[in-house]
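A.B. asks: So TrEMBL says this about it:
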type     : residues : note
SIGNAL   : 1-22     : signal peptide
TRANSMEM : 110-132  : transmembrane segment
TRANSMEM : 144-161  : transmembrane segment
TRANSMEM : 173-197  : transmembrane segment
TRANSMEM : 229-251  : transmembrane segment
TRANSMEM : 323-341  : transmembrane segment
TRANSMEM : 348-370  : transmembrane segment
TRANSMEM : 390-408  : transmembrane segment
TRANSMEM : 441-461  : transmembrane segment
TRANSMEM : 467-490  : transmembrane segment
Amino acid sequence: MQTWSLVSICVLLAIIARWGVSLNSYSGAGKPPMFGDYEAQRHWQEVTYNLPIQEWYFNTTNNDLNYWGLDYPPLTAYHSWICAYIAKTINPEWVELHKSRGYENTQHKLFMRTTVLVADLLIYIPAVVLYCLYLTDGSSKKKVSIMFCFLLYPGLILIDYGHFQYNGVSLGFALWGILALGLGWDVLGSMAFSLALNYKQMELYHALPFFCYLLGKCIKTGLMGRGLFLLVRIGVTVLATFALCWLPFLAEPSQAMQVVRRIFPVARGLFEDKVANTWCSLNTLIKIKSILSGDSQLYLSLACTLLAVLPSCIRLLTKPTFWHFKLALVNSSLAFFLFSFQVHEKSILLAALPACLLLNDLPLMALWFLQASTFSMLPLFLKDGLLVPYIVTSLGFLFFSIYLLSALDHCSEDKLRLGAYNKLFYWLPKMDLAFIVRWKFYISIAAMVGLSIATAVLIPPPHLPDLFPVLVSTTAFLHFLGTFIHFNVVQFSEPPSRKSQKKSN
């Protein structure tokens, strides 16, 4: 009973943190003609309510795809349609065809904010609570502390409630899939992850670990017996889930192909804005977009992504434990973020979710990465007028994570999983790696604080207008690359302890 009281308090505090983001700050507020992501979500409600389903993804007189045309899978469209019906009941002007473009008032902002919160309460928050209670080790107090820090992660709060999106839905479905797999409910886990993929195509960042974990488990169980039966059940479940989600678009092949073209737009280029990945960081030295053709950029990013994700997936395939599955989720999503085609700043949230799963096992490393991931989106937050929420949520998350999880008190080489480095660099003199990591953490936080202040306060020189966004993205990129290398090394070492292995299948 006491545990559930603490859970209720933590959920309430998480709701307050989400609702506390200013209503006056969101993507594209008061900036015609395109406005921003807030208008995109509202416009999709307008389109799905007023037009027949056959026109949702097609360019027509009533659906200008150049003005925030739908570019997510069908489940996102259905969600917009449900929200639109509720909006129509409250105020028809919110979804009136053509005339509602750029609609902005306090009542509508409250409605849109409420739709995000309701989605979180139905999908994301319950998954976090159950994961922390049933798939993390330690006392009830420790589990609740992890849950609180998980729910307090600033990146997701600021993007969904400030910039304005529904990332909690796709991440929530993915987390339900992870939870189900951790409890041994593989078929249900496959269905939940299929729903995540059908809500946002970026969930492909997590697809290979799900595939390799389940295939590895089937092989380990025996492909001539129970393993084959499990594989067939999973395959049928995935196909059935996709068929149901895509059913209205399967009547005509042209309909389905148009949806595919919309959700995988390869014409946009290798990257946009100042994203903290390999290509944007490398572009400061070598102008890749000028040197390589569009097709060459696509093939290069595909090859690099597959090479980066391959070691982690092979390891998971041969050793399908839940511990390796969690690490593979981080490594796969970071490989996609660092090397794949057409990456946005917000895509780092896909790596942040599995990093949150490691708050119990590797608190300092997980906290460090999560802080860097929020910092990487600073230029976006400043553009949306979210500086104060960024400062408050980042400081709150840093304080509570260090205090509640004792992240800095457990910095031995064993708890940081640094033993593998001594084996890799056995020819070097013995060093206190834990001491080095701790000081790197202090320097890293100081650098992020310094760059945050400089970006918010200082005016860059006229000949270098993008100086601070480039510095932020490059600094964050170095953090992400270091995290990617470290978690790959950890995945190839032994699991943390026999106790942690009890959650593996």
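Note that Cβ sites are derived from N, Cα and C of the backbone, with glycine treated the same way.
Bear in mind that TrEMBL entries carry predicted annotations, made automatically and left uncurated.
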A.B. asks: Going along the chain, which residues at least six beyond the ends of the transmembrane segment (390-408) come within the CB cut-off of under 8 Å?
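C.D. replies: Contacts with the transmembrane segment (390-408): 17, 20, 145-146, 148-149, 152-154, 157-158, 359-360, 363-364, 367, 370-371, 374-375, 378, 381, 438, 441, 445, 452.
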A.B. asks: Under an 8 Å Cβ to Cβ limit, what residues of the same chain, 6 or more beyond the ends of the transmembrane segment (348-370), are close to it?
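C.D. replies: Hits for the transmembrane segment (348-370): 131, 136-138, 142, 146, 149-150, 153, 155-156, 159, 167, 171, 174-175, 178, 202-203, 205-206, 276, 323, 326-327, 329-330, 333-334, 336-337, 376-377, 397-398, 401-402, 405-408, 410-411, 415-417, 437, 441, 444, 479-480, 483, 486-487, 490, 496, 500.
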A.B. asks: Which residues, given as numbers and ranges, are at least 6 beyond the ends of the transmembrane segment (467-490) yet have a Cβ under 8 Å from it?
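C.D. replies: For the transmembrane segment (467-490), the sequence-distant neighbours (Cβ-Cβ under 8 Å, at least 6 residues beyond its ends) are 273-278, 280-281, 284, 308, 311-312, 327, 330-331, 334-335, 337-338, 348, 351, 355, 362, 365, 368-369, 372-373, 375-376, 378-379, 417, 420-421, 424, 444, 447-448, 451, 454-455, 458, 460-461.
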A.B. asks: Report, as numbers and ranges, every residue of the chain located at least six residues beyond the transmembrane segment (110-132) whose Cβ falls under 8 Å of a Cβ in that stretch; write 'none' if there are none.
C.D. replies: 7, 11, 14-15, 18-19, 23, 38, 41-42, 79, 83, 86-87, 90, 94, 143-144, 146-147, 150-151, 160-161, 164, 166, 168-169, 171-173, 175-176, 178-179, 182, 357
A.B. asks: Do any residues, 6 or more residues outside the transmembrane segment (229-251), come within under 8 Å Cβ-to-Cβ of it, and if so which ones?
C.D. replies: 53, 57, 73-75, 186-187, 190-191, 194-195, 198, 214-215, 217-218, 221, 223, 259
